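For reference, Swiss-Prot has these:
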- 12-17, 59-62, 97-106, ASP132: FMN binding site (BINDING)
- ARG350, ARG382, ALA383, PHE384, SER385, GLY416, LEU417, CYS418, SER419, TRP596: FAD binding site (BINDING)
- THR460, SER515, ARG516, LYS521, VAL522, TYR523, VAL524, GLN525, ASP558: NADP(+) binding site (BINDING)
- 6-150: domain 'Flavodoxin-like' (DOMAIN)
- 206-446: domain 'FAD-binding FR-type' (DOMAIN)
Amino acid sequence: MPSARLLVLFGSQTGTAQDVSERLGREARRRQLSCRVEELDSYPVVNLINEPLVIFVCATTGQGDPPDNMKSFWRFIFRRSLPSTALRQMDFAVLGLGDSSYAKFNFVAKKLHRRLLQLGGSALLPVCLGDDQHELGPDAAIDPWLQDLWEKVLGPHPVPLNLDLSPPGVLWPSKFTLQFLKDTPSSGPEELCAAGTDPQGPPSELQPFLAPMVSNQRVTGPSHFQDVRLIEFDISGSGISFAAGDLVLIQPENTASHVQQFCQALGLDPEQHFTLQPREPGVTCPTRLPQPCSVRRLVSQYLDIASVPRRSFFELLACLSPHELEREKLWEFGSARGQEELCEYCTRPRRTALEVLCDFPHTAAAVPPDYLLDLLPLIRPRAFSIASSLRAHPSRLQILVAVVQYQTRLREPRRGLCSSWLASLDPAQGPVRVPLWVRSGGLTFPKTPDVPVIMVGPGTGVAPFRAAIQERVAQGETGNVLFFGCRRRDQDFYWEAEWEQLQARGCLTLVTAFSREQEQKVYVQHRLRALGPLVWELLDGRGAHFYLAGNAKYMPADVCDTLLSIFREEGGLSDPDAAAYLAQLQRTLRFQTETWA
């Protein structure tokens, strides 16, 4: 009896959905199921009509948005021309990953589940709603859901009687092998370009532009709790162009001290070079990784040793461990019953993969190099809103970066990999180059002259609006209204002098909210409500566009509630009509958001 064919497709923004998908793949193979795990946008979506059994694993980002690596699939699957019987041969299940503190919790998974039903698919289970806010994380929902899933899958597709279920402790072969070279290659392996890429092509993830850093300036007061940087890059000769609302992606690196510590813990020679080979046909090597590559470069620029490891990290370490006590503890962390203890040890204090390896020294020293890419995720690029316009700053690109640093119960402060790396770079001490490329963002501004724009950007959320205002002022457009919020005027009022100069010229209406300068906190939504008549007149009378950028947790919902109250009180709309009015603004792209966690 041939084994059933299972396809796992994932859409992942931070790597969690990919990690869950690979876990699904391992568990399927334990059950003798033929299984492929693929990124949604890499899979030829028209082939779904031939798939009998598909598990979709998808995260929800921002305000109910799909991850970047499933956006093409998302557009295709919601085409109105698709027939209602298109997927009638397919059994499916949807596993969602989200955060219940956001208004559109697991919106992508829920909407995909409904759409697959509309196209004739048969759901094996209700959609799984993994929640980052749960004390045990998404696994609290995933573990029982997977038990039900395998029962459903193995009903119509039972394990052949002559085959046994592989025990969970079996060590599967690594995805890749590292072939170490006897001699150091002579052809410049440290150039930042992946083998086989076209150096003449436009800057991209495969071929980033090494942009010289021109300046790195702290723009918050010395006593302010947060270090925020205005960083400028020279993009002359790069071929990079961008518009207001676009994003720049930056590929960060691990610190030299962490790289050295990692190599010592695993007994690796950082100067040794290797080539990477896939173990199975059909598996491709990471496209960004050069061939050949040094161990130092692999650890510095590719392996995310500063990430908080997921459950699969502990499962694999347990399989690799030769030390009985360490192995038992790792098995506990990797098991369903050990998730509360894992949360206490790792997730809650944000302990990094490097710190875990140092806590399990006998295991770390026994990790075969072939398993490095199975054990650790690749460093992901970080996206920043571009904070300048080429019209105002030709050949320059500026970003506003809040340096992430916070304390947990661990002795060492937790630091954001990319923001801390950028903050550490000082062009005054010598040339600094940063790998970057640009992509279209989620905000598009009106091309028609004289269309007013209302922009709400508290904190670093103001960055894309500075680019938009510079661009619009250069084109002679004066209908710019900016609501900016921060803690104190003298500590974190970004670009104060620039805004005041534009306001004096009649190019900008600036409305500020300084939350800590009076006994009762004042936020942007309070200032928005106070100017309700102006907001309603601009939106309903003059066809203004409304933009919102900043932290996704509470502010967007508060601003939307404020808008609804303005529509009711200034426009005389009923509750349903106010909600419909806001929905219409969203549909026509007159209400746009760019938010982040």
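Backbone N, Cα and C atoms are what each Cβ position is placed from, and that goes for glycine too.
Nearest Cα neighbour of TYR102 (FMN binding site) among the listed binding-site residues (LEU417, VAL522, ASP558): ASP558. Classification of SER419 (FAD binding site) by DSSP places it within a helix. The binding-site residues recorded for this entry are GLY15, GLY62, ALA383, and the Cα of GLY62 lies nearest to that of VAL524 (NADP(+) binding site). The distance from the Cα of SER419 (FAD binding site) to the Cα of VAL522 (NADP(+) binding site) comes to 28 Å.
The two recorded residues, ALA59 (FMN binding site) and ALA383 (FAD binding site), have Cα atoms 17 Å apart. The separation of ASP558 (NADP(+) binding site) from PHE105 (FMN binding site), Cα to Cα, is 16 Å. The most densely surrounded of the binding-site residues ASP99, ASP558 is ASP99 (count of other Cβ atoms within 10 A of its Cβ). Listed in sequence order, the binding-site residues from GLY62, ASP99, ARG350, SER385, LEU417 having a Cα within 10 Å of the Cα of THR460 (NADP(+) binding site) are SER385. Proximity of ALA383 (FAD binding site) to non-local residues of its own chain (separation of 6 or more, Cβ distance below 8 Å) is seen for LEU247, VAL248, LEU249, ARG439, given in sequence order. A count of other CB atoms within 10 A of each Cβ picks out TYR102 as the most crowded of the binding-site residues TYR102, PHE105. Under the three-state DSSP scheme, SER12 (FMN binding site) falls in the coil class.
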